[in-house]
């Protein structure tokens, strides 16, 4: 309500409070009200209470924007990645002008530039970017981790820093499996229904003959894993075992359309000289246009041998890299006429891990060679 100023000779009832001043006597009772009139109460509007219908609409809207406008919605466009326009889930990198990129997009930009033999640039300002020129923005990482995010199961809001723990351990609507899955129960459902299902599950009452088929399928998958581990342990029993850290360096072919490939300097293992080569997507013409990225490698014996050299070999991640590689044992018989293996797939987990390797200045891995004695 608007408050109108009264002249000294006018009544103070319109103000709702007693007027006083030089040369003025306060009205009887100090309220300036006529007999039988109630004293008006001045109220301060509290957020959450119903707004006064007589307040101007623009003022009501302004209050609602200030009280109910969510800070995270306004920060989303400020803190999002400039490439994928999504909030970063892990590390946040920034160019020299401060534009933000999530770790996945940053690595992808560097990998694409390596494949196209170009200098990687920021998609916003086109300044040069690299692992040495860009740095992480820890303040943005911390701010993003505190912004609320919706749980995909119960649809409640949680800070991003605790959302993963909530979805894995605390959410009552998270998808879970029956404890009798090991004997073939296919049930999947929300966690709060798990107890009821397990009390009614029919699999614990199945006969041995009914369970044999299920257990046979499980044994086949476990047998493959055990075969790999048993193979590695048997190789460790060999008399001649050698390993070394290898560094793949990027090069370009001399073709009209150059292709990226990697090669290591010569190194010595088991008193022999070797070289490793690697290529991207089996040397397809434009690997930068493909979302799927793979690496394959070849082991080459450079020194001359008097007799055939039968070896098993495998590549693992280096001691200072975080790339994930599944160990796979390869076998080859080297001779002076057959000194190069075929290109074998480097068993990295997925294209994201491949982009990590391509974005690096060099690829550092560890090579094991086991000589088979006849």
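Backbone N, Cα and C atoms are what each Cβ position is placed from, and that goes for glycine too.
A TrEMBL annotation is a machine prediction, not a hand-curated record.
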- Among 106-145, 146-185, 186-225, 226-265, TrEMBL lists zinc finger at 146-185
- Message: Between 1-60, 301-360, I'd like to know which one TrEMBL lists as region 'Disordered'.
- Response: 1-60
- Helix, strand and coil residue totals from DSSP for the zinc finger (146-185) stand at 17 helix, 9 strand, 14 coil
